[in-house]
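For 7-80, the entry in TrEMBL reads domain 'DUF2470'. Annotation comment: TrEMBL describes 103-119, 153-172, 179-201 as transmembrane segment.
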Amino acid sequence: MASNGNKDFIIKHMNADHQDSLVLYLQAYCHVSAGDAKSARLEDISLSDLVISADGVRYSVPFDPPMKSFSDTRSRVVAMYEDSLQRLGLSEFAIKEYRAPQGFQIVIFVTCLATYIGFVQRSNFLPGSIIYESLGLEKVPAFAQFCYDIQPLLFPAMVGIHVLESGLLAFLRLRPHRVPLFSGLWFAWMASTFIEGFGAFQRIKGMVKEEETKRENRK
């Protein structure tokens, strides 16, 4: 048996440094929703289970098979963490920040945003509109007419493509990398993708690559 001091250390360590693991245990083994599990706290540990509370409810997460001694705790909780990720279809690398466009991606972002603003309504390319007058489109009437003609096709197509890309980002990148649904971080990435499109995928891929490199360097 472990002394109360050892158990207290394990409990404090898990709550302070591995609270995200406790959340995953509840989701994977107790089928608790992400929202209900986010307040997970380890209350007790025995050779047979972890007692975790969340949102006012206590859950028992069993060790299978039971541990022989508390010296097995670290290897067991690490194995359970990896198993939880696999069961939930999640990556071990969590995205915890929004990264803004850099370099040429800034050009793409600004171009896409300007296109949204300019093509949101067809009348922007008619004499008298703010955009028409501000850009001096009277000097290039053929270009103004071209923009007027393609607006009914370009704007809906751009919105549709970027909505699709945003949905794919949410499902293929944000969820696996554990960005909480409808959080501020989630909305930042979704809004950015709606404006610029594929650039957000590239940045997330780069962030994951950075974390993989850091992990390799620590070995």
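Cβ coordinates are placed from backbone N, Cα and C, and glycine is handled just like the others.
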Stretch-averaged pLDDT - the domain 'DUF2470' (7-80): 96
Positions on the same chain near the transmembrane segment (179-201), where near means CB under 8 A and six or more residues out: 34, 38, 94-98, 100-101, 105, 108-109, 112-113, 116, 161-163, 165-166, 169-170, 173
Within the domain 'DUF2470' (7-80), residues counted as helix, strand or coil by DSSP: 37 helix, 17 strand, 20 coil
Positions on the same chain near the transmembrane segment (153-172), where near means CB under 8 A and six or more residues out: 112, 115-116, 119-120, 186, 189-190, 193-195, 197-198, 200-201, 204
